[in-house]
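Trainee: Quick one: the structure is below, questions incoming.
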Amino acid sequence: NASLSELHLTGIPGLQHLHHWISIPFCIIYLVTLAGNSTLLCVIKADPSLHLPMFLFLSMLAVIDLVMSTSITPKMLGIFWFHSTAISLDACLTQMYFVHAFSVMESGVLVAMAFDRYVAICSPLRYLSILTSPVVAAIGLATLLRALVFMSPLTFQIHRLPLCSPAVVDHSYCEHMAVLRLACRDAAVSNAYSLSVSTYVGSFDSLLIALSYALILRAVLSLSSPQARKKAFSTCSSHLCLMALFYIPGLLSMYMERYHQELPPHIQVLLADIYLLIPPAFNPLIYGIRTKQIRDGACRAISR
């Protein structure tokens with residue numbers, strides 16, 4: 001049925017009777033995401049001393065997190081609270097595009113932030129000469145273009161596929177592979193493309209991040225002060241844990257969706273929700289509040 005114009009999202013399959021309870025932590029996480037990232041952006045904008053590459057990358061991450069969370073959470077809460085499962089096909093494709101494109105952008109910014117920390121720790125005297133404003137802008141633009149180039153064909157392919165009834169998507173948002181199951185004809189090309197892009201972005205970016213932090217840890221081990229080593233280890237470990245929360249559940253949910261259909265559907269959906277909702281809530285805490293410059297900037301803004 002090529003004229004299919006409305007889809008229905010089930011929320012979390014198999015756990016519909018717990019939707020009201022599940023909505024509580026989801027709502028809290030979303031409010032924390034909004035408050036944390038908005039505060040971070042306001043503090044960085046208000047304090048000229050924070051207009052450095054590290055905090056510009058952090059601002060990019062905050063904007064991406066706000067858009068990515070807002071693209072799925074309000075609709076998700078509408079399903080949980082009001083059983084508002086209907087979504088137009090155009091709105092579904094738009095949501096899909098925003099979710100996947102901004103996920104790729106977030107991955108790119110995390111790579112840029114890892115490179116920023118590598119330069120700051122391993123070449124501190126050349127930091128501002130390497131990461132100049134044009135370089136930071138070019139990195140941000142490259143991250144945006146990569147997301148557009150990778151994700152535009154994905155949405156275009158689904159837009160051209162005829163979708164069949166029943167128009168029920170077993171997911172809490174318009175995830176690509178979940179919508180692809182409604183295709184009336186063979187969607188192997190779109191499926192393979194999605195899998196290839198996700199694998200490339202996840203594995204290549206995480207490899208670059210791991211390499212950056214390995215070089216950082218090697219430099220940290222040469223520090224003479226035990227306190228400096230402990231602080232650096234603490235910072236690196238928290239960053240890596242947060243990145244693992246972004247990459248591992250995302251890749252696991254994708255591969256389970258593709259290859260392990262016998263697993264409970266709610267596990268796949270919850271994993272996909274975790275990698276989109278948890279990191280945006282914790283990013284301002286790990287990268288922002290724990291940073292002394294951000295705390296000092298917030299104090300100056302409040303005092304003014």
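Note that Cβ sites are derived from N, Cα and C of the backbone, with glycine treated the same way.
TrEMBL labels come from automatic prediction, so no person has curated them.
Take a look at what TrEMBL says about it:
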DOMAIN    36-287  domain 'G-protein coupled receptors family 1 profile'
TRANSMEM  20-43  transmembrane segment
TRANSMEM  55-77  transmembrane segment
TRANSMEM  97-115  transmembrane segment
TRANSMEM  127-149  transmembrane segment
TRANSMEM  200-221  transmembrane segment
TRANSMEM  233-255  transmembrane segment
TRANSMEM  267-287  transmembrane segment
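Give me the lay of the land around each of these features.
Mentor: Residues 9, 11, 23, 26-27, 30, 33-34, 37-38, 40-41, 44-45, 84, 87, 95, 98-99, 102-103, 105-106, 109-110, 112-113, 116, 136, 139-140, 143, 172-173, 273, 276-277, 279-281, 283-284, 287-288, 293-294 of the same chain lie 6 or more positions beyond the ends of the transmembrane segment (55-77) yet place their CB under 8 Å from a CB of it.
Counting only same-chain residues 6+ beyond the ends of the transmembrane segment (97-115), those with a CB under 8 A from a CB of the stretch are 54, 57-58, 60-61, 64-65, 67-68, 71-72, 139-140, 142-144, 146-148, 150-152, 154-155, 173-176, 197, 201-202, 205, 208-209, 212-213, 239, 243, 246-247, 250, 276, 279, 287.
Long-range contacts of the transmembrane segment (267-287) within its own chain (CB-CB distance under 8 A, at least 6 residues past either end) are made by residues 12-13, 26, 29-30, 32-33, 36-37, 39-40, 58, 61-62, 65-66, 68-69, 72-73, 76, 99, 103, 106, 113, 170-173, 175, 238-239, 242, 245-250, 252-254, 256-257.
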